[in-house]
Amino acid sequence: MDDTSSFTGEKSAGPNANSLRGFNVIDRIKSKVESLCPNTVSCADILAVAARDSVVALGGPSWSVPLGRRDSTTASLSSANSDLPGPSSDVSDLANAFSNKGFSVREVVALSGILC
């Protein structure tokens, strides 16, 4: 997701701007993991585990997180700008964006935490 000298990542895409805080924490974790296990754990894995652990820390349920899927080996700034809903998206925007990807309204509610 990060930009490099030869690659523009997705972190700076419009919909990602101000959408999540704490990337610095994920970056620090990624750096430490990389020093021990180079090219093994993706930022997506770290985000998935961090999301699960934060839900558990707040008293929610725990679940098994499959790791190492490597769903993508590239990132696309243009795809992120065109496909991701922004942080100010309302329910209608979210439903439309995710239905275009095959998600039901029920799945959108579960993913976004919207209370209906």
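Just so it is clear, glycine is given a Cβ too, placed from its N, Cα and C backbone atoms.
According to TrEMBL, the protein has these features:
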- Glu10: Ca(2+) binding site (BINDING)
- Pro85: substrate binding site (BINDING)
- 73-82: compositional bias 'Polar residues' (COMPBIAS)
- 1-116: domain 'Plant heme peroxidase family profile' (DOMAIN)
- 1-20: region 'Disordered' (REGION)
- 69-88: region 'Disordered' (REGION)
> Per DSSP, how many helix, strand and coil residues does the domain 'Plant heme peroxidase family profile' (1-116) have?
Replying inline: 56 helix, 2 strand, 58 coil
> Tell me, how many other CB atoms lie within 10 A of the CB of Glu10 (Ca(2+) binding site), whichever protein chain they belong to?
Replying inline: 20
> Rounded to the nearest angstrom, how far is the Cα of Pro85 (substrate binding site) from the Cα of Glu10 (Ca(2+) binding site)?
Replying inline: 13
> 10 Å Cβ neighbour count around the residue listed as 'substrate binding site'?
Replying inline: 17
> Across the domain 'Plant heme peroxidase family profile' (1-116), what is the average pLDDT of the model, as a whole number?
Replying inline: 82
